[in-house]
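Asks: So that we are looking at the same thing, I have put the structure below in structure tokens.
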């Protein structure tokens, strides 16, 4: 049973639309039809009453009161409006005259009806109605068909009661006119049957049209579902914004979400790449220290602080990049104050261990008063990448100098290597771009350095060094000190 229910529930939008609209159409059709039929029925009753009242007036005109007796003379040429039977009563309810002797019909007339004008109905079985219409062969044939279908069927006859006050020539009379043709056999009664047929035909025609309308109306949703499937299959990057007005906001928000998720994914991937690159230096120092321990060039007591320092740096770098990955655009930068000289001393010390075999000579010309305003890890990451690049490509010498203004910090790194061709001085800051493809590397370090300096409204300018190699000028902006709390 549950499986069967799952096949139908939850219902699709098309089925919901079809069922809801069909229900509305059915209810409205029934409501309008019932109003029309009730109105027609009321109008039919009024018309019938007027016809029977006219018949009653005719008999009142033909009636004569002579010798305390009622006489009604019917001319042979009178054309009655419909087959009827007339009964005339006095004010006490006593039958004075009957057009025909039909005992069962006389018993059906209620005494209360004779007190006032009114329109009533009486129920009779098919056989009694047949006796009442014994002279009408066409009606008899119809009654026979009804009898064959249902021998216990009842026929409804309309009854009009009209009370006439006493006059100088006539006492008070009550004339009852009975329509001998039952309502069920009148052509007007067929309206009820027609209504059923019309309603059925209406539904049979409307449901296919509603299905077409639902298909056409829900095409934008089907198109959206198709685009979502294409997104899942990686055949599409964004949803088509050219859709219906009702779906525009949804599509726009979904596209924003997709773009945000894609940017977050790219950011995580970039951060992971940057983290991998940043761990190269401390891992290289650890590797160099382990070699020194193995060759007994360094004692355990000397190697321990070096290794602990690099492990601490690895931990800091992991925390730093995790923090960067979780930061959103526009996050305020740290406003901490850090002396530049000690930070560069630690970096050069680590790089000397990495490039120990190469014998790189790194010289510093940094005033103790020069400070960096910002996050320490940002500074270490930028200068670590720039200095690593200088040590990698230099022949022997690397020189570092710095100066500071109210708003900017300038750090210049020069080497005596082959330098950077003029045509490559902008390309090297793009991810994956390298001047020398023969040396190991991924082309990530300078790109990371530039991205961080841009967060400080700064930049890195590549040029030619007086030593004959490359000259990298790192410029940090936003270096005004934060106001101190008093």
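Our numbering is plain: 1 for the first residue shown, then up by one each step along the chain.
Backbone N, Cα and C define each Cβ position, glycine as well.
From Swiss-Prot, here are the annotated features:
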type: TOPO_DOM; residues: 1-16; note: topological domain 'Cytoplasmic'
type: TRANSMEM; residues: 17-37; note: transmembrane segment
type: TOPO_DOM; residues: 38-194; note: topological domain 'Periplasmic'
type: BINDING; residues: 151, 152; note: divalent metal cation binding site
type: TRANSMEM; residues: 195-215; note: transmembrane segment
type: DOMAIN; residues: 215-266; note: domain 'HAMP'
type: TOPO_DOM; residues: 216-486; note: topological domain 'Cytoplasmic'
type: DOMAIN; residues: 274-480; note: domain 'Histidine kinase'
type: MOD_RES; residues: 277; note: phosphohistidine
type: BINDING; residues: 385, 442; note: Mg(2+) binding site
type: BINDING; residues: 385-393, 415-420, 434-446; note: ATP binding site
Asks: Report, as a single number, how many Cβ atoms besides its own are within 10 Å of the Cβ of residue 418 (ATP binding site).
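Replies: Looking across every protein chain shown, the total is 14.
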Asks: By a simple count, how many Cβ atoms lie within 10 Å of the Cβ of residue 277 (phosphohistidine), its own Cβ left out?
Replies: 21
Asks: What is the interatomic distance between the Cα atoms of residue 277 (phosphohistidine) and residue 389 (ATP binding site), given in whole Å?
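Replies: The separation of the Cα atoms works out to 12 Å.
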Asks: Check residue 418 (ATP binding site) against DSSP and tell me helix, strand or coil, would you?
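Replies: DSSP call for residue 418 (ATP binding site): coil, neither helix nor strand.
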Asks: How many other Cβ atoms are found within 10 Å of the Cβ atom of residue 389 (ATP binding site), counting all protein chains shown?
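Replies: If we count other Cβ atoms within 10 Å of residue 389 (ATP binding site), we arrive at 24.
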Asks: Write down the Cα-Cα distance for residue 385 (Mg(2+) binding site) and residue 418 (ATP binding site), rounded and given in Å.
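Replies: With distance taken Cα to Cα, residue 385 (Mg(2+) binding site) is 18 Å from residue 418 (ATP binding site).
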Asks: Count the other Cβ atoms sitting within 10 Å of the Cβ of residue 385 (Mg(2+) binding site), across every protein chain shown.
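Replies: Looking across every protein chain shown, the total is 26.
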Asks: For a three-state summary based on DSSP, what are the helix, strand and coil counts in the domain 'HAMP' (215-266)?
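Replies: Helix, strand and coil residues of the domain 'HAMP' (215-266) number 39 helix, 0 strand, 13 coil.
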Asks: Would you identify the secondary structure of residue 277 (phosphohistidine) according to DSSP, in three states?
Replies: helix
Asks: Can you tell me how far the Cα of residue 393 (ATP binding site) sits from the Cα of residue 385 (Mg(2+) binding site), in Å?
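Replies: One finds 12 Å between the Cα atoms of these residues.
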